[in-house]
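For reference, Swiss-Prot has these:
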- 122, 123, 124: (6S)-5,6,7,8-tetrahydrofolate binding site (BINDING)
- 228: N6-(pyridoxal phosphate)lysine (MOD_RES)
- 227: site 'Plays an important role in substrate specificity' (SITE)
């Protein structure tokens, strides 16, 4: 064939433009995203991506898995080490699948689960609209305290004692402040229930020692994503110290929720775990500093930043109320036009019906922190956001500023820089940029 098909040209063009736009030209403030290091990226594209390895390491239903067994076992060991856990399972291909496996083990259809309130950021997988509902488990929300922007502990204890659920979930997707694990765990266990902690957003902060470790405070099992504050490939994981629970969950993930578990994730996950072992504390601490700095700068620039009376945030996230600027949908779109990527989000006082045009915009600093930005850069970002949303400046002009600003921050930090990849490969596979 002398001429390549138009469709192929289009596929390559779209991929190149995506890489160029999101990787080189934008300020990405989506809290659920991050970037891998070049080292982790280099092992993501491998022969593992074509292979199957159903079951557990060294107990497979397929032949040809000796290296898959080794890499999965090593990745599990590294994740257990940084999580301070006895066990780790990396076969869940997302945080939602990790939740599904745990929920299925702990409750049957018709049973009750008490969840962190939606206002406190509960993820959709915790609700009747998501995984919980798909499994037929009844959702009961804990009371929410507007002042503390958190679970109302006293009322939650009373509810747990009355309902006697099979399990209780903490953790969320709009997650500014830690949920009360230590305060609730004894009462959860007193009624024979298990405490499930969804650390999808804060797992990198946990292993970086910038957030409390829920396993050390009484959680029975922790689920996570591997691509938010933990800057690995997209995927999920489960960690626990409970022997019996681990066996049940491990026997449920396969074959209930995954068959092949996307082996090509495992080398990248293992490298990211190593990066977090050696650089995670510095990275996580800078994330928290940057989030606080961004929140303070946004408030100084005239934005209504949620949680000011509590110090704005203790995580990687910042939330702003933009009702006076046209609402979350409008403002998030304006930001995107200026190459500032964020997402509209319900705020604690929004009704669920406002999901398509909520009061807020949710921000996260973990990716820009990985590219080396610090507190001063957060103040620059806040100023650029003011120009877009408050001063109504020409978004094209602001976009030029954003793109120019971003040129100074293209190198991933908090990684190993002394590895010669040429020693391990005769072909370097690079992004289409």
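Count begins at 1; order follows the chain as displayed.
Any Cβ shown, glycine's included, is placed from N, Cα and C.
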Practice item. Calculate the distance in Å between the alpha carbons (Cα) of residue 228 (N6-(pyridoxal phosphate)lysine) and residue 122 ((6S)-5,6,7,8-tetrahydrofolate binding site), and round it to a whole number. Key: 16
**Study point:** For residue 123 ((6S)-5,6,7,8-tetrahydrofolate binding site): DSSP state (helix, strand, coil)
**Key:** coil
Review point. Excluding 122, 123, 124, which residues of the same chain place their Cβ within 8 Å of the centroid of the Cβ atoms of the recorded (6S)-5,6,7,8-tetrahydrofolate site?
Key: 115, 118, 121, 125, 126, 127, 130, 172, 173, 198
Exercise for review: Please work out which residue of 122, 124 has the most C-beta neighbours within 10 angstroms of its C-beta, and give that one of the binding-site residues.
Suggested key: 122
Review point. What's the CA-CA gap between residue 123 ((6S)-5,6,7,8-tetrahydrofolate binding site) and residue 227 (site 'Plays an important role in substrate specificity') in angstrom, rounded?
Key: 16
Exercise for review: Between the Cα atoms of residue 122 ((6S)-5,6,7,8-tetrahydrofolate binding site) and residue 227 (site 'Plays an important role in substrate specificity'), find the distance and write it as a whole number of Å.
Suggested key: 18
**Study point:** C-beta crowding around residue 227 (site 'Plays an important role in substrate specificity'), within 10 angstroms
**Key:** 26
Exercise for review: Using DSSP with the three-state reduction, classify residue 227 (site 'Plays an important role in substrate specificity') as helix, strand or coil.
Suggested key: coil
**Study point:** Residue pair residue 227 (site 'Plays an important role in substrate specificity'), residue 124 ((6S)-5,6,7,8-tetrahydrofolate binding site) - Cα distance, angstrom, rounded
**Key:** 18
Revision key, fill the gap. Neighbouring CB atoms within 10 angstroms of the CB of residue 123 ((6S)-5,6,7,8-tetrahydrofolate binding site), all protein chains considered, total 25
